[in-house]
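Feature annotations, reproduced from Swiss-Prot:
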- 5-64: domain 'TRAM' (DOMAIN)
- Cys77, Cys83, Cys86, Cys166: [4Fe-4S] cluster binding site (BINDING)
- Gln276, Phe305, Asn310, Glu326, Asn353, Asp374: S-adenosyl-L-methionine binding site (BINDING)
- Cys400: active site, nucleophile (ACT_SITE)
Amino acid sequence: MRKVKPKLNLTSQTARIVNLSHDGRGIARVNGKATFIQGALPGEVVEFQYTRVKKDFDEGKLLSIVEPSTLRVEPKCPHYQMCGGCSLQHMSAEEQIRFKQSHLLDLLSRYGHTEPQSVLSPLTSHHWNYRNKARLSTRFVEKKQSTMVGFRERNNPRFITEINQCPILNSKIDTDIVHLRKLIDTMEDKHCIAQIEVAAGDNEVALIFRNLSPLTEQDELKIREFAQQFQYKVFLQPGGLDSVFCFYPSDAHAYLSYELPDYQITFQFHPNDFTQVNAELNRKMVTQAIQLMELKNSDIVLDLFCGLGNFSLPMAKHCSRVIGVEGNKNMVERAYMNAKSNHITNVDFYAANLDDVMEVRSLVNTSFSKVLIDPPRSGALEIVKQIDSIDPERIVYVSCNPITLARDTDILVNQKGYVLITAGVMDMFPHTAHVESIALFQKG
């Protein structure tokens, strides 16, 4: 029998917000059912309209605030209500941190079935103009005869939010978005550029133009003039990721750089490489991870998901040896390059399938006293399942997804005999619901 789709009640409703969801939406209880409302804060009475009715929950659109929360602030960005780049600008920065810390501890309790012996003070940074990496969509609109440059709309990702500024982006891009739009408006093939990747180092900013067709000579000239006038490195991407090349300056090397001044280390990276988006927070995160490791001169450390050596190289200055393992061969090459340029010799790097600990052990036949894990959002499930084969006394786990951290914590604590000593959040992405966290496990 065909299911009858519930009809939307389009009349406005009033409800009190009782909590926040993991993605920062307000939660109201209407007739005993959870209703998620973007932009609403706990304690507020809001007027809303249903946008989706499901079996277990509903979703609604915020129409007005009847009783505002004392936690509410005026968003700095004029595009905030539509743009999908942020989700928490209406909440004070201090409350954002409290929300993220509470969310982490709740997940560790609910899914990790444990709680840390102590809670780390949150790591924070400047919460404007922090974002050094981003992907901007572009589209030339025939009706308007103008180009849209921006992030996808929050409520309809098929569409682009046309923005003139972005206060979370690197300050140079923040002020130059208008000029980017004007550049594409003047090109002969206005439909050629599908997106623009932004990557900033400490001293340079690179733009990667995804060109769907070969550029005309005139368009190449316009891009060169733009890059020269506004001082950008420009890369073109005519195909897949391996097609990216440095277009301007034509004689320039392809790398940007960032520094960890406390360790006198400079990293070079390609604009396509994975690097942390928030340079200030990254410096604090590396220092906290090393402090939690309590490294000794005799320690041999395993750095899993090591990337270009962001943790490996500074750790190597405090221990006997670091072995870094990474799934991406290009990043392993980059890690070796950075070790060499910084004259760090007590490190080795390997490419391996990090879902197969036995493959890692076959490459690295040594004992490790300590392990650092910095996995992608999917977490480190296979590693923690097989952690016995490594048998470290101490594990520092850097996480970009608190749900998978909680899952892996459950295994480490309740199956493998580790104790969760401490944990806390690191606000890598202010004004978003994204939660970066760090946890320390000690063998029981």
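Don't overthink the numbers, they just go from 1 along the chain as shown.
Glycine residues also receive a Cβ, built from the backbone N, Cα and C atoms like all the rest.
Remember, predicted model here, so these are calculated numbers, not experimental data.
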Proximal but sequence-remote residues of the same chain as the residue listed as 'active site, nucleophile' (Cβ under 8 Å, at least 6 apart): Pro375, Pro376, Arg377, Met428, His434, Glu436
Least surrounded among the binding-site residues, given as Glu326, Asp374, when other CB atoms within 10 Å are counted: Asp374
Pairwise Cα distance for Cys77 ([4Fe-4S] cluster binding site)/Asn353 (S-adenosyl-L-methionine binding site) [Å, integer]: 42
Protein Cβ atoms within 10 Å of Asn310 (S-adenosyl-L-methionine binding site), excluding its own: 27
Asn353 (S-adenosyl-L-methionine binding site) versus binding-site residues Cys83, Cys86, Cys166 - nearest by Cα: Cys86
DSSP helix/strand/coil residue counts for the domain 'TRAM' (5-64): 0 helix, 35 strand, 25 coil
Candidate nearest Asp374 (S-adenosyl-L-methionine binding site) in space, where candidates are the binding-site residues Cys83, Cys86, Cys166 and distance is Cα-Cα: Cys86
Cβ neighbours within the same chain of Cys86 ([4Fe-4S] cluster binding site) - under 8 Å, at least six residues apart: Pro75, Cys77, Tyr80, Ile168, His431, Thr432
Candidates Cys77, Cys83, Cys166: member of the binding-site residues with the richest Cβ shell (10 Å): Cys166
Minimum Cα separation from Cys166 ([4Fe-4S] cluster binding site), reported as the residue among binding-site residues Gln276, Phe305, Asn310, Glu326 that achieves it: Gln276
Neighbour tally for Asn353 (S-adenosyl-L-methionine binding site), based on other Cβ positions within 10 Å of its Cβ: 12
Neighbours of Cys77, Cys83, Cys86, Cys166 excl. site residues, C-beta within 8 Å of centre, [4Fe-4S] cluster: His79, Tyr80, Gly85, Gln89, Phe151, Thr161, Ile163, Pro167, Ile168, His431
Average pLDDT across the domain 'TRAM' (5-64), rounded to a whole number: 92
When distances run from the Cα of Cys83 ([4Fe-4S] cluster binding site) to each of the binding-site residues Gln276, Phe305, Asn310, the nearest one: Gln276
Protein Cβ atoms within 10 Å of Gln276 (S-adenosyl-L-methionine binding site), excluding its own: 21
